[in-house]
Amino acid sequence: MRGRCYASTMSQPASQVSATLEHYLALRAEIERHNRAYYELDAPEIPDDEYDRLVRELRALEAAHPEWVAENSPAQTVGGAPSSAFLPVEHPTPMTSLDNVFSDEELAEWQEKLARALNLPPDHDGFTYTGELKIDGLSVNLYYADGVLQWAATRGNGRVGEMVTEQVLTIPGIPRALPGLTGELEVRGEVYLSRADFAAFNARAEELGLPLLKNPRNGAAGALRQKDPEVTRTRHLKALFYSLGKHDGVPVRTQGEVLAWLAEQGFPTSRYSETFTGLQAAADYHRRMTAQRAQFEFDADGTVLKLDSLALQAEAGSTSRAPRWAVAYKFPVEEVETVLESITVNVGRTGKLAPLAHLSPRLIEGSTVSKATLHNEDYIRDLDLRIGDTVVVRKSGGVIPQIMRVVLEKRPPDAAPYRFPTHCPECGHEVVRAEGDANTYCPNPACPAQQFERLRYFVSRGAMDVRGVGEKLIEQLLATGLVHDAADLYQLTAEQLASLERSGEKKAANILAQLEASKTRPLWRLINALGINHVGERNAQALARAFGTLDALLAATPESIEAVPGLGRTIAQSVSAALADPSMQDLIRRLRERGLKPVEETAPRGDALAGLSFVLTGTLSRPRDEIKARLESAGARVTGSVTKKTSYLIAGEEAGSKLDRARELGIPVLDEAGLGALLEERGV
């Protein structure tokens, strides 16, 4: 959560900043633009530390010139406008932000202000605090009435948020009901995308040629704002809860008791929270967390220190934007200088040229960094990167190494501008770059690098799943000329395979058996294996369900492909162009000649389940998306929550609160076998 936390004016006298009204208004406009990018578009344009610097300057100007301050100043407000794509919901108690401090000295100044607010001497140091991590995610508020969850909403502007109930309920560990509670209850927490899930998503997106997430916070915000909660579910969001708004009848007196009560009710809470007394203990906690930040499963950009006593919190009160009894102590942005030793350019299966920076190894946030992605030619040119340059590197979002800038005063006198390849580094073919496209491609389908990557993808587990055909074998097959593309795999003989290095008759027989078995894989696997840009497992399954047979897909128009749920124009154009390409048509023809007969999908009747509403829960043997698409293609509606209007609950292993809710309402519950029987009965 950038939070958004607002920077304190501590340690920045107003005299140090320009004091013209014109500058003030320009600064306000710039911060408002960044707020829209961050809150409403989930597309921040600058790092958090740069944003914090701008807000510190604005607040210093407003402190020096209170006559300039308007009620809607970004230094006086919280968050951004709720999205019009979701229903607005008003928080019973406002979700305020936090002030920031950046040093022990600023922390001491903040405590002095707190003491004055409580009519205590400024040097009072007997406060007991609870320390927590400041997770870089998306704040949410869960509202319960008489123990039953009514809605979940984002922070929004602090007063009004976006209702995201079904999306939030895809997150593990969120209770639908809290037995025994009466009155109103608000539970606040942070939704996040773990570093591991962020890396896995980007690796998959890069493989499919899709846009990458900039950082885990963007990933969490984008996933939570998906209109379809089943899409949210596939992003594997998590949440940690840390505070209460209204809390009728909840017997808590301290923040420590709040965290303990939340854990008792089943809410996920952080294991990094601690309670301590005094300023030195607070600073020590912050230093310990700073040292451990590389080990967290999520991104965190600081610690939060809260007065432990809820009574003292109420007495200290809040400003219009932040409580006086809590503060965010930001982690330092860890940047290191290193040397750009070289730039290599790799070629992917689509022919895309991907430049990679090789750096002198340096330790950043607990791990050694020696490489950084350079994205494309424009990225290199905009930074004016040159071999031998000293560059500043940070981990973007705490995960991906990123070159931020060049230290020009350390540039070697003989450093020359980097020239992006005009010819493919693998095959020597002249490269191409379409107008308006940031990426450069090798158009040669016979490029060895592309051949290797296409074959590796074809046999991978998510495609044709040919076990035993790994990278080393593919390299040998290409080097010996036995194979040039996927169709050639199905002409290999036992003798040819046995003659290869580290092979033999037994291994050859196993590989041939695997290849034979792959000839009758489901249609979606073949579609995925063809390596069409923007088509991975999910989209391949959607295409297979929509068209049923390979011939039907090959005959499909761009308009009919675009009509497939979840695809859209860009993917439809990519699929149409790929299937119309003569080399792709030749590959498919030769695959069929060599025995590939993918198992066809049976197209269901479009109205067989019309009027029925289904909910899926628990662990199922097939992907939820696959089951959902099959139901919807037959006219059913699939939702994320059980209501009186639900026709059937489909329950897998470890079904939780949805199963309990269905039983309470008398909703029919089917296991997968029962669903299969229903579909067979309806002709689906």
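Note that the numbers count up from 1, one per residue, in the order the chain is shown.
Heads up, the Cβ atoms here are built off N, Cα and C, so glycines get one too.
According to Swiss-Prot:
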type	residues	note
BINDING	ASP48, ASP49, GLU50, TYR51, ASP52, SER97, LEU98, GLU132, ARG155, GLU190, LYS306, LYS330	NAD(+) binding site
ACT_SITE	LYS134	active site, N6-AMP-lysine intermediate
BINDING	CYS424, CYS427, CYS442, CYS447	Zn(2+) binding site
DOMAIN	604-684	domain 'BRCT'
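Where Swiss-Prot records a feature, it is marked here on the structure.
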{"residue": "GLU50", "record": "NAD(+) binding site", "Cβ contacts under 8 Å, 6 or more apart": "none"}
{"residue": "LYS306", "record": "NAD(+) binding site", "Cβ contacts under 8 Å, 6 or more apart": "TYR129, THR130, GLY131, GLU132, GLN255, GLN313, TRP325, ALA326"}
{"residue": "CYS424", "record": "Zn(2+) binding site", "Cβ contacts under 8 Å, 6 or more apart": "VAL347, LEU353, GLU430, VAL431, CYS442, ASN444, CYS447, ALA449"}
{"residue": "CYS427", "record": "Zn(2+) binding site", "Cβ contacts under 8 Å, 6 or more apart": "CYS442, ASN444, ALA446, CYS447, PRO448, ALA449"}
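The average pLDDT computed over the domain 'BRCT' (604-684) stands at 80. Highlighted in sequence order, VAL347, GLY351, HIS423, PRO425, GLU426, GLY428, HIS429, VAL431, PRO443, ASN444, PRO448, ALA449, GLN450 have their Cβ within 8 Å of the centre of the Cβ atoms of CYS424, CYS427, CYS442, CYS447, the residues recorded for Zn(2+), and are not part of that set. You'll find the Cα of ASP52 (NAD(+) binding site) roughly 15 Å from the Cα of LYS134 (active site, N6-AMP-lysine intermediate).
Summary for the recorded positions LYS134, ARG155: the Cβ-based neighbour count within 10 Å is maximal at ARG155. According to DSSP, ARG155 (NAD(+) binding site) is assigned to coil rather than to any helix or strand.
Counting other C-beta atoms within 10 Å of each candidate's C-beta, the binding-site residues CYS442, CYS447 are led by CYS442.
Within 10 Å of the C-beta of ASP52 (NAD(+) binding site) there are 24 other C-beta atoms, taking all protein chains into account. Using a 10 Å Cβ-Cβ cutoff, LEU98 (NAD(+) binding site) registers 24 neighbours. Using DSSP to sort the residues of the domain 'BRCT' (604-684) gives these counts of helix, strand and coil: 30 helix, 16 strand, 35 coil.
In this structure, the C-alpha atom of ARG155 (NAD(+) binding site) lies 15 angstrom from that of LYS134 (active site, N6-AMP-lysine intermediate). Here the CA atom of LYS134 (active site, N6-AMP-lysine intermediate) lies 10 Å from the CA atom of LEU98 (NAD(+) binding site). Following the DSSP three-state reduction, the secondary structure of ASP52 (NAD(+) binding site) is helix.
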